[in-house]
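Trainee: One structure coming up, written as structure tokens, with questions to follow.
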Amino acid sequence: MAYPFQLGLQDATSPIMEELMNFHDHTLMIVFLISSLVLYIISLMLTTKLTHTSTMDAQEVETIWTILPAVILILIALPSLRILYMMDEINNPVLTVKTMGHQWYWSYEYTDYEDLCFDSYMIPTSDLKPGELRLLEVDNRVVLPMELPIRMLISSEDVLHSWAVPSLGLKTDAIPGRLNQATVTSNRPGLFYGQCSEICGSNHSFMPIVLEMVPLKHFENWSASMI
């Protein structure tokens with residue numbers, strides 16, 4: 001989860017988030033190099049009145065600064081496309097969970113079980129226990145097995161919502177009348193927090209998401225107790 005005054009991204013919990021963080025560093029390095037070069041050239045232009053006459057009308061220089069940006073854009077686009085295709089892949093999910101957005105709560109249905117469904121509301125600040133997080137805790141957490149591919153089917157009953165868990169690299173729009181899907185895979189157990197990321201009304205800020213990733217054995221025990 002995020003902390004106050006945090007400068008970097010949240011710790012990656014899924015393979016997709018690890019790829020996104022690597023892509024972020026890759027792109028940031030390119031931006032830093034370009035910015036440094038531009039600032040260096042500007043500083044030279046401001047500190048000297050001399051001009052190279054050979055660069056006033058140089059075909060070679062114009063060719064270089066036309067081709068070089070194209071190469072840089074390709075170096076950014078190819079890793080980006082690779083990650084986009086990875087995010088769309090869903091390989092043999094062991095579990096499917098249907099997520100519906102409402103004003104202003106989430107409902108979940110484990111489609112592999114007959115009667116395993118519940119609503120998830122934010123816990124009011126006045127009802128929080130010591131150590132719980134304000135505006136992020138819910139009365140019913142989404143319990144999922146770790147280290148296994150899980151398919152999330154996401155839609156909405158009323159207006160546009162967005163189901164987002166940053167540490168897992170997830171952000172999928174919940175659109176009325178349309179069913180979007182995403183893959184959830186966690187490398188480690190724990191609680192992972194998210195929120196609705198699409199302005200959906202007056203209580204938009206009060207639609208938290210809490211995923212509880214547990215070992216498969218614990219998930220089986222939990223699902224048996226819920227049915």
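Any Cβ shown, glycine's included, is placed from N, Cα and C.
Below are the features listed in Swiss-Prot for this protein:
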- 1-14: topological domain 'Mitochondrial intermembrane' (TOPO_DOM)
- 15-45: transmembrane segment (TRANSMEM)
- 46-59: topological domain 'Mitochondrial matrix' (TOPO_DOM)
- 60-87: transmembrane segment (TRANSMEM)
- 88-227: topological domain 'Mitochondrial intermembrane' (TOPO_DOM)
- His161, Cys196, Cys200, Met207: Cu cation A1 binding site (BINDING)
- Cys196, Glu198, Cys200, His204: Cu cation A2 binding site (BINDING)
- Glu198: Mg(2+) binding site (BINDING)
Trainee: May I have the DSSP-based helix, strand and coil counts for the residues of the topological domain 'Mitochondrial intermembrane' (88-227)?
Mentor: 21 helix, 61 strand, 58 coil
Trainee: Measuring Cα to Cα, how many angstrom lie between Met207 (Cu cation A1 binding site) and Glu198 (Cu cation A2 binding site)?
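Mentor: Their Cα atoms are separated by 10 Å.
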Trainee: Give the number of CB atoms, excluding that of Cys196 (Cu cation A1 binding site) itself, located within 10 Å of its CB.
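Mentor: For Cys196 (Cu cation A1 binding site), the count of other Cβ atoms within 10 Å is 25.
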Trainee: Can you grab the distance from Cys196 (Cu cation A1 binding site) over to His204 (Cu cation A2 binding site)? Cα atoms, rounded to a whole Å.
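Mentor: Distance (Cα to Cα, whole Å): 7 Å.
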Trainee: Taking every protein chain shown into account, which of the binding-site residues His161, His204 has the largest tally of Cβ atoms within 10 Å of its Cβ?
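Mentor: Buried the deepest by this measure is His161.
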Trainee: How many Å separate the Cα atoms of Glu198 (Cu cation A2 binding site) and His161 (Cu cation A1 binding site)?
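Mentor: Computed Cα spacing between Glu198 (Cu cation A2 binding site) and His161 (Cu cation A1 binding site) is 5 Å.
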